[in-house]
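The annotation domain 'YrdC-like' is assigned in TrEMBL to 555-750. Positions annotated as transmembrane segment by TrEMBL: 12-35, 47-68, 97-118, 156-177, 210-233, 245-263, 270-290, 296-316, 415-433, 445-468, 473-494, 500-518 (among others).
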């Protein structure tokens, strides 16, 4: 399901991920039963029925949509597994029913799979002449393209919603009397749903749907907390209790997210309001998931999740969509001059080039809010696990914040990602040791030294945030207050109430950052202020607007880089090897600037690049036939040829630039095997090239490194992501080629034997 192309709207994604999640939980329960953990009579039945019932409903929805959208093979597989699950539920409810119907359902899956495999084999053997009905993927792909791609649609939302159905069914079955009690056997369903929802959260960021990704992150926290509550009574007789202030804050976060999500899709926004009611019901119940109130709201979540999942499943593939109210919101906001939604292909474009992920800062800030407010509950020192703190701190403050840090790093936000990852590690370690009862009442010097090390790292983050913005400065500074409370607790010197005050201050600052990130990602020109950098230095913070970073996949970006080069600028661009710094040959001032910025060593002169041998055609008579034939055979490729300097240089319009290129005796020239680079040369003319790093340093292999290494000495960067190769071009000495000799100044990606 994950490997399925994100550009191809398909029900296969939903089918694969849903089956994978259900079979994961089902398999773990069978393992527990086989190991004797579910020893009581009826335990296996009570454990399996909620998941099997949900599997029946979820796959039935996929099958119905599959039939409506004319995908018979997929629909048959989903319907067969759904019927098998339904018969297994009936088998557990009545022993008079035999397992034959269950086996028949799975046998249908085998037969359909065999039919599809046979169809594909015949298709390949006959080279497309024989194709069984439903197995011709080329026809299917053409039909999908004729319908048009579902731009901006999150294809992973439906499996995530079906996982909410799964977790809700555990509590629905208990409330309706289908199962006799909540116990350890239900934990695999809840934790499988939580684990897969974290995965779907990542995939939603890949689908550029930051708000739904944040929603799935929130609901995964609830799944892990529910599993923890059902696991706790296995080693303690009493049921765990919830910190009420935390759940009130969680409901506020859900409500704010629902408000912003309703601007994108009113149906999804209204759906999240059910979780607002769920958090309030949990806050009102001292024993949380074991009480009747939250279980009643779980029934509403079950129904709402199934309906919204059906809408998402149908809208992914159908030509005529079920309206979700998005058009009405757009029309309403169009009348308002104050609010304007962010839209367009550059909605999630990062500062440095492009990223495959949407921004995850909203989730990271929300996790800081949750973790900090969870720590405001002191709990019972004799029974630290009896108060549910670990899921909120470890899952929200730790795992999901690690996810936010990883996504921030992928988007080129080095400082933010470092801070998120540092804070995540701190939350995980402190949450497990302090609130997991690992350290007990003992306090040691070793723990204090570890916390001091974290404070030193965070001190560096606080210093760097001076160059970012005011909000980040206060965010990192208030976390220092939380770390101080950890340190004082470790040395038995914690004043009464200081830890609560510190976590509250950090939680409130994090909540403001959460609102600012949400508003800035949703509206244009209408966002909460985050402040300017407190310190501005040349090339740091203030230099952000001086060097545009443009995505190489856009023709408009290449055209803009060409304009900068024509006007005498120097630019970093991707090639078929590593990133290079270039200037236009007909701009001696730009060539001199590139030469000066590089501090060129005499043994590494600048080279000359052209896009085609046609640019040298007027001077062909100045080259020997052997050298010309060799150039035709060698290019385009990552091979630079060092040839004798001659009158041919004047045909390229180099003028005063010639003294900076090559040596007095020779010039290195190349045609790169990169369509972006050759197109740029077609627009500008021949270019002078040198590596995009100071002399003596390693080659530059990512667009993020160009500005980091050269600073304000580069006027723009064309961003192509990681370099296709980490090795530079091969440089061949062709000055004596007519006498039958060639040499090598540098052996790069092309070996000597190939040359």
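Quick reminder: no glycine exception, Cβ is built from N, Cα and C everywhere.
The transmembrane segment (156-177) is in contact with the transmembrane segment (210-233), judged by 3+ CB-CB distances under 8 Å for residue pairs 6 or more apart in sequence. Within its own chain, the transmembrane segment (500-518) has Cβ neighbours under 8 Å at 249, 253, 256-257, 260, 359, 361-362, 365-366, 368-369, 372-373, 375-376, 471-472, 474-475, 478-479, 481-482, 484-485, 527-530, counting only residues six or more beyond its boundaries. When Cβ distances are compared across the two stretches, the transmembrane segment (415-433) makes contact with the transmembrane segment (473-494), since 3 or more pairs at least 6 residues apart fall below 8 angstroms. Looking at which of 47-68, 245-263, 270-290 has the most CB pairs under 8 Å to the transmembrane segment (296-316), the answer is the stretch 270-290.
Listed by sequence, the residues of this chain that lie at least six past the ends of the transmembrane segment (245-263) yet keep a Cβ under 8 A from its Cβ atoms are 211-212, 214-215, 218, 269-273, 275-276, 279-280, 282-283, 329, 333, 341, 366, 369-370, 373-374, 376-377, 392, 507, 514-515, 518-519, 522. The transmembrane segment (47-68) and the transmembrane segment (12-35) are in contact, since at least 3 Cβ pairs between them lie under 8 Å (pairs 6 or more apart in sequence). Long-range contacts of the transmembrane segment (210-233) within the same chain: residues 154, 157, 160, 163-164, 167, 170-171, 182-184, 186-187, 190-191, 193-195, 197-198, 200-202, 204, 239-240, 250, 253-254, 257, 260-261, 264, 268, 272, 275, 278, 288-290, 348, 358-360, 362-363, 366-367, 370, 385-386, 388, 390-392, 395-396, 400, 403, 521, each at least 6 residues beyond the stretch ends and with a Cβ under 8 Å from a Cβ of the stretch. For the domain 'YrdC-like' (555-750), the mean pLDDT of the prediction comes to 85.
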